[in-house]
Amino acid sequence: MKPTTVLLRRGRVIDPRHGVDGVRDVLVRDGRVAEVSEAPLEAPPDAQVVDAQGRWVLPGFIDLHVHLREPGEEGKETVLTGSRSAVAGGFTAVVAMPNTKPVNDSVLVTEYVKAKAREAGLCRVYLAGAITKGLQGEEMAEMGALVAAGCVCITDDGRPVMNAGLMRRALQYATQFDLPVMVHEEDLTLSGKGVMHEGPTSTRLGLIGIPPSAEVAMVARDLVLLEETRGRLHVAHVSCEGSVRLIREAKRRGLRVTAEATPHHFTLEDEAVGDYDTHARMNPPLRTRHDVLAVREALADGTIDAIATDHAPHGVLEKQVEFDKAWNGVVGLETALGLTLAAVREGALSLTRAVALLSDGPAKAFGLPGGHLAVGAPADITVVEPDVEWTVDATRFFSRSRNTPFHGRRLTGRVAQTWVGGRLVFENGQTKESRS
Amino acid sequence: MRHLLGIEGLRRSDIEALLDRAEAHLHGSPDASHVLRGKVVANLFFEDSTRTRTSFEMAAHALGAEVLNWTMAGSSVSKGETLLDTARNIEATGPVALIIRHRSSGAPHLVARHVRCAVINAGDGTHEHPSQALLDAFTLRRRWGKLDGRTVLIIGDVLHSRVARSNLHCLTALGAKVVLCGPPTLLPPGLEALGARVTSRLDEVLPEADAVMCLRVQSERQSESFFPSAREFSRLFGLNAARAERLKPEALVLHPGPMNRGVEIAPAVADGPHSVILDQVAHGVAVRRAVLEVVCR
């Protein structure tokens with residue numbers, strides 16, 4: 001496919017990195033942003049012209065935390081279906097977690113997923129390598145090889161590194177690559193057999209609770225290790241007030257810590273478990289109103305750098321079972337924008353901040369290209385129809401899985417177009433695959 | 001009432017209607033043997049409980065029903081069949097009700113969402129055991145006439161007790177005050193919000209009680225370090241003879257069974273003048289007849 005020239009006309013451009021918020025024309029050439037102009041631009045003769053009036057033209061969203069399930073669990077998701085789900089949600093780039101089967105602790109798996117992503121040809125798929133071989137928490141994986149193969153961070157996501165000595169050495173070792181170490185913070189001796197947040201709801205339902213200390217204690221430990229090692233720490237899916245407080249304080253002291261929060265953690269409370277709804281089972285669990293508000297505040301004030309979905313596809317077999325036997329996780333790519341905009345409308349954060357959390361923040365946290373719309377930036381662009389109301393219908397997800405607690409929810413704001421490297425990959429509810 | 005999944009959410013009038021029917025059954029309701037004639041009731045006990053299973057079985061027989069007992073050891077469940085598949089397969093044989101005992105909280109709720117017949121919760125994980133709470137309330141009501149203004153003290157492992165949760169809902173719905181007492185490690189958060197008073201000081205609350213219910217303490221909780229030893233538990237929270245002497249003279253002592261004699265309750269107290277423990281067992285059948293009658297109607 002030859003590179004196209006595209007002129008996005010008269011959209012409201014919001015580019016938090018450069019303080020832009022206003023009607024602009026955006027000219028895209030050779031996959032990059034060529035011009036951003038307040039005055040209307042004349043369309044070059046070869047240009048495809050897109051009328052973006054009444055729409056928002058945003059830096060493409062970047063999701064630092066998705067599970068694409070390939071290799072190993074292709075029945076739940078594949079790199080292709082996950083990419084479709086991503087671009088349908090306005091994400092132009094995703095970071096795929098390493099807890100596949102086999103685990104991404106080797107160049108072989110990294111290369112395999114990269115090849116699948118090239119084949120899918122929709123969004124950019126970055127890889128996260130494992131911290132430890134097989135995610136076993138015992139021996140460090142070959143970090144140098146993973147970095148050389150293109151991994152942008154390392155993580156044992158889904159599992160904590162319980163061995164503090166090993167965690168310290170991983171942080172230390174990663175400094176030579178300036179690599180962020182992403183952590184799933186959970187002290188397993190505190191979470192035990194817990195299946196939801198420990199509180200009045202778990203008591204009423206007779207379900208074993210997970211106290212916030214299971215997360216907060218590990219955040220504290222890792223911040224102590226971070227201070228000694230001077231590495232880079234990225235705290236995944238922050239769920240509670242205690243974690244937020246520690247991260248805020250660590251940032252104030254200049255530690256290189258970044259953090260993400262998921263739409264479900266800043267939207268739902270533990271009561272969403274309702275009558276044992278396994279779609280509300282996730283790890284970390286949904287917390288209290290107090291925690292939701294603390295996470296929202298942290299999103300607004302910069303303590304949290306990125307909104308990440310922790311997109312975790314599961315099939316009916318994993319969810320239509322007893323609550324304590326259900327698997328953790330929700331799909332998130334296609335509902336993230338609507339839920340984020342709901343938080344904006346509720347006054348939790350500004351629109352600019354929300355856009356930053358979906359684009360600029362994640363790009364900076366992992367040092368990824370994109371996340372902004374300056375001249376020369378990759379033309380990764382998400383065009384949003386801000387006022388369109390729609391109802392979440394899990395049966396129509398592009399994802400291969402349907403596990404969401406948001407089925408039936410009314411949301412406002414929908415992705416109209418997604419551009420990756422100047423190429424239209426999603427428009428009007430359809431993905432544009434380019435294998436012709 | 002289509003199912004009996006728990007006491008929570010039942011109205012006082014629903015509970016009283018069930019207890020009134022149980023009273024009629026206790027006196028041998030003359031037409032009762034026709035109520036479920038030709039119908040089948042299925043017992044699905046994924047967890048052993050001879051006492052509850054037998055009690056439901058006797059109740060079903062008394063109403064004229066056939067009982068299918070599905071034992072889960074060696075069944076398709078142990079071959080990896082899901083709970084829903086098992087329940088749907090059994091439902092396909094045509095029972096009017098599934099009586100489910102399961103170690104997972106919420107298991108009967110899951111089944112109830114996917115079958116058309118009635119579902120009766122015979123104890124789910126650490127959530128509820130509604131027929132037990134009904135028979136406890138029934139036992140108290142027969143002694144007291146009504147529960148309003150009475151104080152019931154429940155002692156022991158509240159955290160893991162479905163009996164405690166169901167009783168809390170049931171007793172408060174009937175106007176009683178409930179005090180929950182146990183080591184802090186076995187008192188989960190939010191019990192006050194459900195209407196209970198919560199304490200770890202047994203000797204302070206003991207004289208206020210009109211009834212005391214001792215919960216079974218499982219030895220595995222000791223190895224999980226919820227408390228240091230059975231001996232210490234017994235010293236702090238056991239209903240021993242000395243404590244029984246400080247009860248109100250008319251106070252009643254209950255236990256859902258099976259008892260650990262000498263741990264949560266002393267033998268002399270279990271068999272003593274305050275005890276209504278065997279009444280509870282006898283009342284179980286009448287209460288379960290009432291439950292079957294109401295949900296299978």
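Glycine residues also receive a Cβ, built from the backbone N, Cα and C atoms like all the rest.
From a predicted model like this one, the values you see are computed outputs, not experimental measurements.
Annotation source TrEMBL lists active site at A:Asp310. The DSSP secondary structure for A:Asp310 (active site) is coil. Applying an 8 A CB threshold to same-chain residues 6+ apart, the list for A:Asp310 (active site) reads A:His65, A:Val66, A:His67, A:Ala236, A:His237, A:Thr262, A:His264, A:Met282, A:Gly329, A:Val330, A:Gly332.
The annotation Zn(2+) 1 binding site is assigned in TrEMBL to A:His65, A:His67, A:Asp157, A:Asp310. Look at A:His65 (Zn(2+) 1 binding site): DSSP puts it in a strand.
Look at TrEMBL and you will find A:His67, A:Leu68, A:Arg69, A:Asn99, A:Asn283, A:His314 tagged as substrate binding site.
Summarising the annotation, TrEMBL assigns Zn(2+) 2 binding site to A:Asp157, A:His184, A:His237. Following the DSSP three-state reduction, the secondary structure of A:His237 (Zn(2+) 2 binding site) is coil.
What TrEMBL lists as domain 'Dihydroorotase catalytic' is A:54-240.
The annotation domain 'Amidohydrolase 3' is assigned in TrEMBL to A:247-426.
Counting only residues at least six positions away in the same chain, the Cβ atoms of A:His67, A:Ala130, A:Leu135, A:Asp156, A:Asp157, A:Gly158, A:Arg159 sit under 8 Å from the Cβ of A:Asn99 (substrate binding site). Around A:Asn283 (substrate binding site), the C-beta neighbours below 8 angstroms that are at least 6 residues distant in the chain are A:Gly158, A:Glu186, A:Ile210, A:Asn328, A:Gly329.
Each of the binding-site residues A:His65, A:His314 was scored by other CB atoms within 10 A of its CB, and the lowest score goes to A:His314. For the pair A:Leu68 (substrate binding site) and A:His184 (Zn(2+) 2 binding site), the C-alpha distance works out to 17 angstrom. Sequence-distant neighbours of A:Arg69 (substrate binding site) (same chain, 6+ residues apart, CB-CB distance under 8 A): A:Lys76, A:Glu77, A:Thr78, A:Gly82, A:Thr100, A:Pro313. Other residues of the chain with a Cβ within 8 Å of the Cβ centroid of A:Asp157, A:His184, A:His237, the Zn(2+) 2 site, are A:His65, A:Met97, A:Thr155, A:Gly158, A:Met182, A:Val183, A:Glu185, A:Ala236, A:Asn283, A:Asp310.
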